[in-house]
Protein chains: 4
Amino acid sequence: MDFKTSNAEGPVEFVNVFDLEKMAQKVVPKGAFGYIASGAGDTFTLHENIRSFNHKLIVPHSLKGVEDPSTEVVYDGDTLTSPIIMAPVAAHKLANEQGELASAKGVSEFGTIFTTSSYATTDIPEITQSLNGTPQWFQFYYSKDDGINRHIMDRVKEQGVKAIVLTADATVGGNREVDKRNGFVFPVGMPIVQEYLPDGAGKTMDFVYRSAKQALSAKDVEYIAQYSGLPVYVKGPQCAEDVFRALNAGASGIWVTNHGGRQLDGGPAAFDSLQEVAEAVDRRVPIVFDSGVRRGQHVFKALASGADLVALGRPVIYGLALGGSVGTRQVFEKINEELKMVMQLAGTQTIEDVKHFKLRHNPYDPAMPFNPDALKLD
Amino acid sequence: MDFKTSNAEGPVEFVNVFDLEKMAQKVVPKGAFGYIASGAGDTFTLHENIRSFNHKLIVPHSLKGVEDPSTEVVYDGDTLTSPIIMAPVAAHKLANEQGELASAKGVSEFGTIFTTSSYATTDIPEITQSLNGTPQWFQFYYSKDDGINRHIMDRVKEQGVKAIVLTADATVGGNREVDKRNGFVFPVGMPIVQEYLPDGAGKTMDFVYRSAKQALSAKDVEYIAQYSGLPVYVKGPQCAEDVFRALNAGASGIWVTNHGGRQLDGGPAAFDSLQEVAEAVDRRVPIVFDSGVRRGQHVFKALASGADLVALGRPVIYGLALGGSVGTRQVFEKINEELKMVMQLAGTQTIEDVKHFKLRHNPYDPAMPFNPDALKLD
Amino acid sequence: MDFKTSNAEGPVEFVNVFDLEKMAQKVVPKGAFGYIASGAGDTFTLHENIRSFNHKLIVPHSLKGVEDPSTEVVYDGDTLTSPIIMAPVAAHKLANEQGELASAKGVSEFGTIFTTSSYATTDIPEITQSLNGTPQWFQFYYSKDDGINRHIMDRVKEQGVKAIVLTADATVGGNREVDKRNGFVFPVGMPIVQEYLPDGAGKTMDFVYRSAKQALSAKDVEYIAQYSGLPVYVKGPQCAEDVFRALNAGASGIWVTNHGGRQLDGGPAAFDSLQEVAEAVDRRVPIVFDSGVRRGQHVFKALASGADLVALGRPVIYGLALGGSVGTRQVFEKINEELKMVMQLAGTQTIEDVKHFKLRHNPYDPAMPFNPDALKLD
Amino acid sequence: MDFKTSNAEGPVEFVNVFDLEKMAQKVVPKGAFGYIASGAGDTFTLHENIRSFNHKLIVPHSLKGVEDPSTEVVYDGDTLTSPIIMAPVAAHKLANEQGELASAKGVSEFGTIFTTSSYATTDIPEITQSLNGTPQWFQFYYSKDDGINRHIMDRVKEQGVKAIVLTADATVGGNREVDKRNGFVFPVGMPIVQEYLPDGAGKTMDFVYRSAKQALSAKDVEYIAQYSGLPVYVKGPQCAEDVFRALNAGASGIWVTNHGGRQLDGGPAAFDSLQEVAEAVDRRVPIVFDSGVRRGQHVFKALASGADLVALGRPVIYGLALGGSVGTRQVFEKINEELKMVMQLAGTQTIEDVKHFKLRHNPYDPAMPFNPDALKLD
């Protein structure tokens, strides 16, 4: 398949990541951009993801003697520049011909965890090399075939992956109407899952998702944990019941997400679910959060609501499209710089302080658009 | 009266039923389209019908081992493809010259209940034939004349109708301002009620509604049940008081609706009333729900709030306009396909699971337009 | 002053009273129309007046045996066609050269109470004659000079006025910015108050209001009641405290209003205050309601929230502008026809039934515009 | 640096201060106007500042015998025309070449407190002279160098400043994206802080803020109070915790602000924090309020929620831009005139009455734009 997209590499000028979305739309082909940017159904949940951060407010604190706050965290033995990590996103080659090689390099230079997607358009050894020692996690779309699953786990273990993230909220594809209107099919293959999805290129997202296992259950978590010996993060729980099921199955971490508003429209904003999940987890295992994060204040609010790590998806892909590895790194730097400014103004010196910060509930739901131009995809 | 409308028959391309509304507007004459699409007064209630589904949210559930969920239900001895049924809608010939013959055929092919309106533009034996054994219900606009009522009941019984749906929320017409602006009169006659409304064609909706009985009461329910020997569904209750009155009168089912926002503007969204009704009914009789259903997730939320069956109105009529019997069937298939996707992501294998699913209350009322282009009728 | 405005007389075609507003804007000079249509400050309260009716919802009731509901009420010995009455509005000659002669005639033909404003542009004997026996109330802007006040009271008693309505919410003019932008001055004199306001014509609204008494107190109510021997309605209370003060001073009725959003912007919608007032009044005296009433359903909701009579202002003035006495009558007929339809669908046979109807609280505040075109005054 | 801006002096025609914003945009260079008008991040908090005043409503009160209410207050021994004072705003020379000389003159003529900013573009002796005996406060951006701090305090004491306002909510600059897009640097120097910021002209706002002390703490409050012997107002607390910390450190007043929405986006509206602060302060020290005040009703609501003084920022700067000292005075007169009108209609004779007035909570969050044209900066 003859697919051309951006091959940019180098610094990008931007004021915030909403800028990047508009800029990326100009350099990424329509179908690919639509796949990246859009959400499910009426995009209610997609929009709520961002708006919901205003359901809790950061009351600034003064006279706390804070200066030059630090975002550094030690996580699982690794020192990270920030609790902001890279979310698994399929097919980086849609945004930049360098694909995951460039994004992994950018993440490595920033100094945080990179989560490789099963649907990466680069094979895992090359990503590992590009990461150059930076911690890597592997997001698993589980096959219907256990032999294939074992083989994939063997391969990722070989590459020193530190955790497996089991995607449990996407056993079928969401109703991505923009993709349907664009007639979008993946133009590039997916080497990691080629055993169970040999023809990734040329297939719709629905086809790809259906190739993975639908009837995912607690037993699969147990099996992955036991076979791989790696910590397993279950990606999907948005309520206490799901947390209990995942933890009983041996999950080593809970990843709160609604898949960026791409799966079940009519569900809650991910951020609105975080506190219930955190209460159910009760600090027994770490919590990762994604969906809707566009600002340093969003990261702050997620950490203050129970997250240990906060993952970025779309904004990084826009940075990748516009500036390759440098653009990728700039997105992390930008959000982290915003986070530091918020920490200073909120009177929090460390990430631990942020995690103990009390947000104020906002009983109102302001109708204000967060960025009215950003999501026009037709 | 020389009335021309669509006579389309065949597959329609569309991504969602909002598309259909815009497409149908182009093939159906303005007055007829206005009658179908519009609502009462300031259309507050019309809009709330759709927006209100976001007052309750579906929290996705993961690791439940769900695969290929089934929408099949056995209802009253019949196996239905889905709990999604056809609502009574007047005058299908406004949308397609084939009228109820085509819509009944499409519903039959999909495999669900067809509710014939008293104001059908096709007589009941022809509809019955087109349904070809598929269960048929009859929606009754009750006459002021008991003899006529008995005669109508005799005829529908003869045709094997399985239930009578007594419309109790439309003893006069709502304030349909679009019809007034368009000077709309029914261009086609209504054979089923021709005895008490011989001149249906050429009459306004207000005239038609006033020809039926205004002073409808519990006694009428009792009488219909006793005379016909059929189950009587009372269509209209939106609160506990009305449920009790209907059940005491011998109703065999409750149909929760606000007539698609066409009757009393300034009343609640039908979906916002469903839970109270379900609590009052307390599983003693089945509940049918309509008004505002445009998505599979809406069907899911209605079932999870107490409905046993969910009826579609306008979207089917748009499908009928654009594709005759095939377009009709496609609308049911589309919504049902969305429903299945939601069931999978919500971790529900069967409709029974959906009915036990707990929705999450949403305290906010997001101002987001559900489909801003769809309802411009001038 | 050479002022020309509409002098229309005869039937008007319209679907709802929002239509009238747009039509009236075309026939009434800009400054005069701005004075009639606009509100105070940021017009928050003006808009809330209409939107607030959606804070309570009418759940339709079925099977109540209602037929041809009646809006007739007997009030203070008079049989009125409807509890909808004419609010006091200044300077009807702004809208129609016939002024109060035509509006009084229209109100009389409809058959309800006419409230003459102190700032009428027609003298009270002529209005009385035009009313032809229909009950008349007199709205009093109290002078600083007691002699003048007595003289006015003597005159209105002579004319058989049945009640005095003391305006207590307008001791200074509200911040009418549209009037300021238009440089509006009253182009016509005000004969009833010419003793204390000889130069009404050519004066601003601020000047006119300041000519009346600012330091209005309970003693003035007592004095009016005692001197006139007429029932005194205090127009203004929006909370329990003000009700108690007015009743202690001998008020015979409470008129809940915020002056159509023309006085204090940043205050509550009048309808949102009605229930508290009704609870404080506790049926000891009658309650009149105005502000924001544009629909039959608004009248219904006001009656169900404690009002005994509901007054119309701006819509009637638009009818007057467009159709003189006939246009005036048509506005009452239109709203009353809507009210009857609502009564039928709500299952209420009489106004007494409406007053016992339980509305449903709506916790949401839908952002939906009620009529987005209607209030563009620049 | 060759910077040209307005040098207007004389009366301005305007109806409200939103007008001024639009007019000022035409006479002030883009970068300077952007700096003045814009806010942080997504401007959520900026907009909430104004919208939040509708979270509490003023119920008008009638029959209270109020006439010609007085806004005069005696504060700290000085008789002020009104509790409305001048907020500290940096760099008045951005708006008018006369700078603080003109604004101080206007404030003096109106008769209220002038708060001189550390980042004034005029030195303090000239401002003092222009104030001509009117009370002056000094807003302190604290240096990292204690010697400099002492020197500044010595100088302001010498000029008879009556209080020091310690800015505690701006230890780094907020995320002012409009400034970034405009490439804004201060075009004029800042004489008061030239010792620690010799190159104010030509520097970004971020640079300027970072030149001041970040690690501000309770000890700094103690030190300022002790060294200067002046009352210290801490500007920044928006919650009880911060109030207690400031009071324990010896603060003589609390200034509730969110810096006009210019610092931490995603925080609450300042007005929404005022009541909690007032409850924590419990009348032990005075409270000053700013952020979002554009109307007399806003001043009223702030006073009724616990403020003793209410400060104006941006609107005054717009008046300064358009009319120099006269324009400055007119802004205070306009808002104060609105305040008096509100006091009359609310039944409050004195500012003390206003402070005891009970506002009504508004559970709804109306989406109504307060002034949709005002903030388009691109």
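Glycine too: its Cβ is placed from the backbone N, Cα and C atoms.
Given the structure is predicted, the values throughout are model-derived calculations rather than measurements.
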Discussion item. C:TYR35, C:THR167, C:ARG176, C:HIS259, C:ARG262 show up in TrEMBL as binding glyoxylate; which entry in C:TYR141, C:TYR233 does that record put in the same site?
Written reply: C:TYR141
Response to the item:
Out of C:SER117, C:SER211, C:SER217, TrEMBL lists as part of the FMN site with C:PRO88, C:VAL89, C:ALA90, C:GLN139, C:LYS235, C:ASP290, C:SER291, C:GLY292, C:VAL293, C:ARG294, C:GLY313, C:ARG314 the residue C:SER117
Worksheet item: Is any of the binding-site residues C:ALA90, C:GLN139, C:ASP290, C:GLY292, C:ARG294, C:ARG314 within 10 Å of C:THR167 (glyoxylate binding site) (Cα-Cα), and if so, which, in sequence order?
Response: C:GLN139
Item to complete: List, in sequence order, those binding-site residues among C:ALA90, C:GLN139, C:ASP290, C:ARG294, C:ARG314 whose Cα sits within 10 Å of the Cα of C:HIS259 (glyoxylate binding site).
Response: C:ASP290
Worksheet item: Largest pairwise Cα distance, Å, within the listed FMN binders C:PRO88, C:VAL89, C:ALA90, C:SER117, C:GLN139, C:LYS235, C:ASP290, C:SER291, C:GLY292, C:VAL293, C:ARG294, C:GLY313, C:ARG314?
Response: 22
Response to the item:
Taken over the domain 'FMN hydroxy acid dehydrogenase' (C:9-364), the predicted model's pLDDT averages 96
Worksheet item: Which whole-number value in Å describes the distance between the Cα atoms of C:ARG262 (glyoxylate binding site) and C:ASP290 (FMN binding site)?
Response: 12
Response to the item:
Pairwise CA distances across C:TYR35, C:TYR141, C:THR167, C:ARG176, C:HIS259, C:ARG262 (listed as binding glyoxylate) top out, in Å, at 19
Discussion item. Suppose we draw a 10 Å sphere around the Cβ of C:ALA90 (FMN binding site). How many other Cβ atoms does it contain, all chains included?
Written reply: 22
Practice prompt. Would you kindly give the Cα-Cα distance separating C:TYR35 (glyoxylate binding site) and C:ALA90 (FMN binding site), rounded to the nearest Å?
Written response: 10
Worksheet item: Quick one, of the binding-site residues C:PRO88, C:GLY292, which Cβ has the fewest other Cβ within 10 Å?
Response: C:PRO88
Discussion item. Return the residues near C:ARG176 (glyoxylate binding site) by Cβ distance under 8 Å, restricted to its own chain and a separation of at least 6 in sequence.
Written reply: C:TYR35, C:SER38, C:GLY39, C:ALA40, C:MET205, C:ARG262
Worksheet item: Across all chains shown, how many C-beta atoms besides its own are within 10 angstroms of the C-beta of C:TYR35 (glyoxylate binding site)?
Response: 24
Worksheet item: What Cα-Cα separation, expressed in whole Å, is found between C:GLY292 (FMN binding site) and C:TYR141 (glyoxylate binding site)?
Response: 22
